[in-house]
Amino acid sequence: MSHGPSPRLAESPQLSKSSLLTILGSPSPERMGPADSLPPTPPSGTPSPGPPPSLPLTAPALLADGDWESREELRLRELEEARARALQMEKTMRWWSDCTANWREKWSKVRAERNRAREEVRQLRQRLDTLTKELAGARRERQEAQGECEARGRELARLRGVHSAADKTHDGPEPEREQEPVRDIGAERPPGSQELDLVESLLKSRPEEPEGCWDACSVAAGGPRVSSGRQDRNRLPWEDTASTEEDASKLTALRLRLDESQKVLLKEREDKLALSKNIEKLEGELSQWKIKYEELSKTKQEMLKQLSILKETHQDELGRMSEDLEDELGARSSMDRKMAELRGEMERLQAENAAEWGRRERLETEKLGLERENKKLRAQVGDLEEALARRRRQNASALDCDLRASQAALFEKNKELADLKHVHGKLKKQFQEKVAELAHANRRVEQHETEVKKLRLRVEELKKELAQAEDELDEAHNQARKLQRSLDEQTEQSENLQVQLEHLQSRLRRQQQNAPLFGKIRSTRFGTEEAGDGASDLDEDEDLQIQVA
């Protein structure tokens, strides 16, 4: 509404100037005279053109000054509002750039975590491959050790069969009864210990019956040489001593070989036990690693799904944000263009204002000159009263013409004012539309802020889930360590029990070895009366062996 009177006030000096020119522009003093003589003739009803023009000159000037000041204040206020909007747009753009930078940092962190997880999975796969290779090698070594043990067992069984055949041919039925429990125990003992017991029994029985031992050795060597060996011993006693020494040396060599084979078998048994334990341990670790690998693969798939979903949502958000930024940039460019137009219009209005002020000063100078001329004309009023009376009709017609001209000019000015009001209404509508667009943009910005907050909350939830998964993985590692420690303790306990069992077996073996000697000594000393006691001792030994077994 403040823009409405501005065109009329801007053009009011021109109207006063045209009216003054129409009234005072005539060079003949006869036309100017009747205008000054109008005040003393009120019955005529015509307006006086003399002093009244001073009032329409001063009042429109004051109105124009106030209107221009209000318009300038309004334009300055609009300019400040436009600057504030531009600053707000810059702040929003800066905020969006910070948001995008934060999202890039977060995505880089997530990408680094994903690469780290991939590297851990790759390392676990490599370790699994190495463990499978080691397990395969351990299995091959175990099979080779089993084959070697079977070969050594067959060889020892063959030697045991040879010595048992020699004992059967030499000792007869009584030694068979004495060595019968030894054979029963030998079925439960390793072949090396059985062979060692056979050799010791041969050595112990040799001082009592050297000829029988010689016969057994000769029978083991070959049948045709037995008769010839006996004839030679009967013929040559010194050859008997030489053969016994040679036989003793052979027995010692055989005993050494048996000791070495027993040591080798014990060592191989220990290696076999260690390999079996290592294989079981590796199989347990392999199963654990397989379970962990499956869990990691599942977690990896879940994380990949979540990452793909987040990536899609982020791409959608980036697309929407880019579209919004393009819209904001377009609105900002339009606002800049509008600001430039407003600035140009303001400069133009300032130039027009300066021109109007110059025109006003010129009109004031002209007003002062006209006042002086009016004073001169008032002096000539008395002289021109008669001429004015004669030309009153002519002046009345001239005044009617001037009135019509002024009315036509006023109609044109009113028409221009209506056009300016229409233009002002259009500009006001455009301004309201821009304000509505700005409000819509602000609502869009608030929606984006809420979406960004939701995404931040989702990222925090994902971080918490990742921390929970890491805690569960640590708990699984701790449980695996606890199980490993318990397994180590059980293996130590089993080794201790194995050592105790070996001690008990060795004691039982010594008791069994000493039992026949004690029986012989007691039979020679006390006779046949205490034979029942020896049998009871043997029964007690057998019961002890059964309990240990």
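Heads up, the Cβ atoms here are built off N, Cα and C, so glycines get one too.
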Of the residues Ser6, Ser28, the one that Swiss-Prot lists under phosphoserine: Ser28
Residues in the compositional bias 'Basic and acidic residues' (135-158) grouped by DSSP into helix, strand and remaining coil: 24 helix, 0 strand, 0 coil
Intrachain neighbours beyond the region 'Disordered' (472-496), with Cβ under 8 angstroms and 6 or more residues off its ends: 277, 281, 284, 288, 292, 295
Residue distribution over DSSP helix, strand and coil in the region 'Disordered' (472-496): 25 helix, 0 strand, 0 coil
